[in-house]
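Student: Take a look at the following structure, please.
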């Protein structure tokens with residue numbers, strides 16, 4: 001059952017006050033208010049077809065043509081998205097010294113744009129592409145500019161935006177020309193962890209190191225259905241750390257939670273920040289919405 005914004009915000013503020021070195025993990029629900037769709041519903045079920053698998057992307061030229069043609073249409077929405085109130089509230093909590101580390105499963109870099117600095121992009125960055133043969137890297141917008149030049153008809157197409165810079169575009173992709181690595185001609189892939197891929201060990205180790213220094217875990221806007229995120233809640237539970245969750249739906253870690261708030265993200269986080277700010281050092285609130293506006297319900301479903 002959902003709690004009111006005021007009740008959930010007050011309880012969350014107490015949780016943070018009692019555990020002022022938070023290890024935070026976020027998911028797609030944090031970015032839905034930024035206009036970026038999520039994959040799962042409030043029950044943790046897929047809303048749409050699962051995203052492309054690493055193996056099929058690498059093995060099939062046709063899969064890559066379809067992927068990049070759709071991305072050419074859809075990535076603009078991801079690139080132009082602005083931080084939500086939830087992103088800004090978490091940045092404000094970090095500025096108060098209350099967040100030890102923020103680990104995000106999102107690839108949109110909106111936490112950094114909101115002002116957060118102690119961030120690990122667990123699943124990588126959608127704004128970079130990497131050659132799978134020689135490790136050459138380039139900014140994704142530069143690659144898209146080249147593909148738009150090579151595929152002017154596709155560059156003019158429009159379609160409904162989908163998660164992670166995808167678009168619901170259906171067309172004959174056989175004629176689409178993919179831009180390959182300018183150094184070696186190899187396959188370029190977004191620098192993100194696809195399903196079937198593995199989180200780079202250095203990121204996992206850095207996240208675990210932050211967890212060891214934390215006093216509690218707070219999951220925000222995530223169903224934790226993906227093991228790479230869920231594993232940290234299992235580790236925190238084994239360490240005896242309190243684990244809280246703020247989302248609109250169920251999580252894979254429900255049995256491990258000590259605190260749970262099923263409520264809209266932005267207004268609850270904003271309320272908690274307003275409760276905590278007078279008791280902590282002055283901070284730039286990063287453009288947080290006023291208390292008069294925080295009742296505007298978040299659309300986030302906690303669906304990473």
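The chain as shown is numbered from 1 upward.
Cβ coordinates are placed from backbone N, Cα and C, and glycine is handled just like the others.
Predicted automatically and left uncurated, TrEMBL annotations should be read as such.
Annotations for this protein, taken from TrEMBL, read as follows:
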type	residues	note
ACT_SITE	123	active site, proton acceptor
BINDING	131, 134, 181, 184	Zn(2+) binding site
COMPBIAS	288-304	compositional bias 'Polar residues'
DOMAIN	2-283	domain 'Deacetylase sirtuin-type'
REGION	283-304	region 'Disordered'
Student: Could you round the CA separation between residue 181 (Zn(2+) binding site) and the residue listed as 'active site, proton acceptor' to a whole angstrom and send it over?
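Tutor: So the Cα of the residue listed as 'active site, proton acceptor' lies 22 Å away from that of residue 181 (Zn(2+) binding site).
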Student: Within 10 Å of the Cβ of the residue listed as 'active site, proton acceptor', how many other Cβ atoms can you find? Include all protein chains, please.
Tutor: 24
Student: Among all the protein chains here, how many other CB atoms are within 10 A of the CB of residue 134 (Zn(2+) binding site)?
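Tutor: Residue 134 (Zn(2+) binding site): 12 neighbouring Cβ atoms within 10 Å.
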Student: Just checking, which of 131, 181, 184 (binding-site residues) has the fewest C-beta atoms within 10 Å of its C-beta?
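Tutor: Least crowded of the binding-site residues 131, 181, 184, by Cβ count within 10 Å, is 184.
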Student: Which chain neighbours of the Zn(2+) site, leaving out 131, 134, 181, 184, have a Cβ atom within 8 Å of the mean position of the site's Cβ atoms?
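Tutor: Apart from 131, 134, 181, 184, the close residues are 132, 133, 135, 136, 180, 182, 183, 185, 186, 188.
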Student: Hey, how far is residue 131 (Zn(2+) binding site) from the residue listed as 'active site, proton acceptor', Cα to Cα, in Å?
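Tutor: Taking the Cα atoms only, residue 131 (Zn(2+) binding site) lies 17 Å from the residue listed as 'active site, proton acceptor'.
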